[in-house]
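To start, the structure under review is shown below, and the notes come after it.
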Amino acid sequence: MNIVLFGAPGAGKGTQAKELTKKYEIPQISTGDILREAIAKKTPLGLEAKKLMDGGNLVSDDIVNGLVEARLQEADCEKGFILDGFPRTVAQAEALDKILEKFNKKIEKVIALDVSDDEIIERITGRRVSKKTGKIYHIKYNPPVDEKEEDLEQRVDDNKETVMKRLEVYNKQTAPVLEYYKKQNKVYSVDGAKKLEEITKDIIDILEK
Ligand code: AP5
């Protein structure tokens, strides 16, 4: 099961990927998480990526392609994987096809989460992440039972100004990736405005079709 979870920033890719990893026991590969780890460790790559990410811009294709190629060679990807936040440009999608070809694999389905811009802004500005578990919450839609216990933090790029920039970048550089996969008949659209559990069910129905 080699799938791509596709959607605008805040569409719910990370939230749904976590549900699917539990059900199918395959890893979530989030390029955003990998880059944030590099930032936390203050590696040279992390320091370079931080400036771009804080401003809502994309990190270079070469860097991200290299990270994904290395990650896909790890043993836990043998049974499949869920890509979250990658590919984000047509050049990344082309590179991914070439990488997978080397391993005799291919992307089977691209699940596209549809959410309006207004909803995106509300979701991202209300998002909080647990420092302890990495679990994703929303102060209104999905609050934790015990806020203190979870030790919540807000991502640096989760403010309204940066969200607007991220949406602009998404429309210009990432939306065309959907056309790339539509030509390969791999795109399945899901209404991302529904409740979390309903969306998970819709995705599972598509994956098991
Ligand atoms: P990345 O970390 O990938 O961020 P993103 O794509 O902007 O996506 P998000 O993580 O913001 O949102 P999501 O869709 O996962 O939503 P979530 O489930 O959290 O990338 C960050 C940066 O890294 C980029 O800007 C770029 O600089 C760089 N980068 C990463 N990948 C790159 C690449 N391939 N190439 C170049 N640069 C790259 O949900 C959001 C909120 O909504 C949460 O609070 C959640 O609780 C809530 N929520 C989710 N679903 C629902 C629902 N159904 N109803 C109500 N609330 C919901």
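Quick reminder: no glycine exception, Cβ is built from N, Cα and C everywhere.
Annotations in TrEMBL come from automatic prediction, not curation.
What you are looking at is a predicted structure, and each value in this text was computed from that prediction instead of being measured.
Listed features, source TrEMBL:
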type	residues	note
BINDING	Gly10, Ala11, Gly12, Lys13, Gly14, Thr15, Arg127, Ile136, Tyr137, Lys194	ATP binding site
BINDING	Thr31, Arg36, Asn57, Leu58, Val59, Gly85, Phe86, Pro87, Arg88, Gln92, Arg155, Arg166	AMP binding site
REGION	30-59	region 'NMP'
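Calculated from their C-alpha atoms, the gap between Thr31 (AMP binding site) and Tyr137 (ATP binding site) amounts to 19 Å. Arg88 (AMP binding site) and Gly12 (ATP binding site) are 15 Å apart (CA-CA, integer value). It is Phe86 that, of the binding-site residues Phe86, Tyr137, has its Cβ surrounded by the most other Cβ atoms within 10 Å. Gly14 (ATP binding site) sits 12 Å from Phe86 (AMP binding site), taking the C-alpha atoms as the reference points. Residue counts for the region 'NMP' (30-59) under DSSP (helix as H, G, I; strand as E, B; rest coil) come to 21 helix, 1 strand, 8 coil. Closest to Asn57 (AMP binding site) in space, going by CA atoms and restricting to the binding-site residues Gly10, Arg127, Tyr137, is Gly10. The AMP-binding residues named in the record, Thr31, Arg36, Asn57, Leu58, Val59, Gly85, Phe86, Pro87, Arg88, Gln92, Arg155, Arg166, extend over a maximum Cα to Cα distance of 25 Å. Here the CA atom of Arg155 (AMP binding site) lies 12 Å from the CA atom of Gly10 (ATP binding site).
In this structure, the binding-site residues that sit close to ligand 1, with a C-beta under 6 angstroms from any of its atoms, are Gly10, Gly14, Val59, chosen from Gly10, Gly14, Val59, Arg155. Here the binding-site residues are Gly10, Gly12, Gly14, and the one ringed by the most other CB atoms within 10 angstroms is Gly10.
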